[in-house]
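**Student:** One structure, as structure tokens, below. Some questions next.
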């Protein structure tokens with residue numbers, strides 16, 4: 001009987017996902033019909049059918065796709081269907097409104113979600129403030145790699161809107177992964193289904209964030225090690241780093257690579273001479289005015305190279321100021337093939353055949369394989385170490401622990 005019930009639940013889930021994917025696909029097809037015939041001008045890019053069917057196949061063949069605890073609780077498709085049925089629609093509409101005014105939000109939330117999920121799982125621990133002001137107990141948000149994170153206030157806006165409709169029901173952890181997915185789509189990336197039912201952490205992880213967030217000067221061995229600890233393969237790692245497709249890197253984060261790599265007083269010897277000249281022209285000391293701090297390989301800010309903002313992106317012509325409407329393509333990987341990775345950790349993907357073969361594959365078909373792999377990897381990332389059932393809590397405010405927890409502790 002339990003096996004029959006499990007199979008019925010999977011069938012219901014598959015049906016629900018198909019309806020969701022078809023609705024999203026149909027909506028995008030309608031948008032396509034109203035544009036010109038140049039597919040490169042479309043944004044967001046219509047969903048790749050291969051993504052949805054690949055996902056459905058993985059659900060059938062891999063029962064452990066469902067994050068599940070010892071009590072049998074697990075993430076579900078449309079978890080809030082009875083308690084807050086409009087939750088996901090609120091997130092979608094809110095993100096469309098925010099993105100129309102602040103298109104950089106897509107990149108900001110991708111980085112914010114990565115930093116949250118990479119440390120002890122997708123539990124919104126990154127949002128917690130030090131509620132008692134005791135600086136001897138630093139919080140995750142204050143860890144050096146997290147000091148330049150942005151997008152907190154955008155999640156707070158969405159959370160407030162949902163709280164007005166369904167108080168105390170929807171977790172900050174779910175809002176973050178849903179909003180990030182919508183941001184990816186709005187930036188031209190692939191839609192990917194998400195299970196929901198995450199709960200919020202009651203703990204902040206400063207030490208772990210200091211030690212385990214990937215750094216821009218990491219080598220390929222260090223990168224693969226950190227991702228492997230979280231269950232990601234080489235292929236998934238390379239696809240996730242492709243999130244740099246929609247981002248630019250602040251010049252302060254590559255300054256040492258250009259002038260004092262690893263404390264040698266010299267530039268990174270792996271940078272081609274002509275590329276070094278170009279980057280130095282764009283990131284001269286007098287023009288380097290962006291905010292200070294550390295950064296991880298998921299730093300992303302905007303889609304445009306603007307010299308006055310002291311930022312660079314992975315568009316193929318570094319010195320040309322351009323804007324890409326379909327950011328989730330192959331240009332990041334083509335740049336790496338040419339030795340034009342901005343971060344040392346980016347270019348390191350070509351230093352080892354374990355990762356280089358995927359760079360070549362993603363660069364060879366216009367981004368189709370990358371988009372499919374990125375969608376799958378983001379589904380996996382979104383389910384890392386989640387709290388479910390009675391674990392954790394549902395915060396009323398993302399930066400503060402729930403009052404019920406404070407009263408009992």
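Quick reminder: no glycine exception, Cβ is built from N, Cα and C everywhere.
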**Student:** What does TrEMBL list, out of 104, 140, as binding the same Ca(2+) 1 as 116, 121, 123, 125?
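**Tutor:** Looking at 104, 140, the one TrEMBL places in the Ca(2+) 1 site next to 116, 121, 123, 125 is 140.
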**Student:** Whole-number answer please: how many Å between the C-alpha atoms of residue 116 (Ca(2+) 1 binding site) and residue 244 (heme b binding site)?
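**Tutor:** So the Cα of residue 244 (heme b binding site) lies 18 Å away from that of residue 116 (Ca(2+) 1 binding site).
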**Student:** How many Å separate the Cα atoms of residue 123 (Ca(2+) 1 binding site) and residue 115 (active site, proton acceptor)?
**Tutor:** 11
**Student:** I need the least crowded one of these recorded positions (115, 244), counting other C-beta atoms within 10 angstroms of each C-beta.
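**Tutor:** Among the recorded positions 115, 244, the lowest count of other Cβ atoms within 10 Å belongs to 115.
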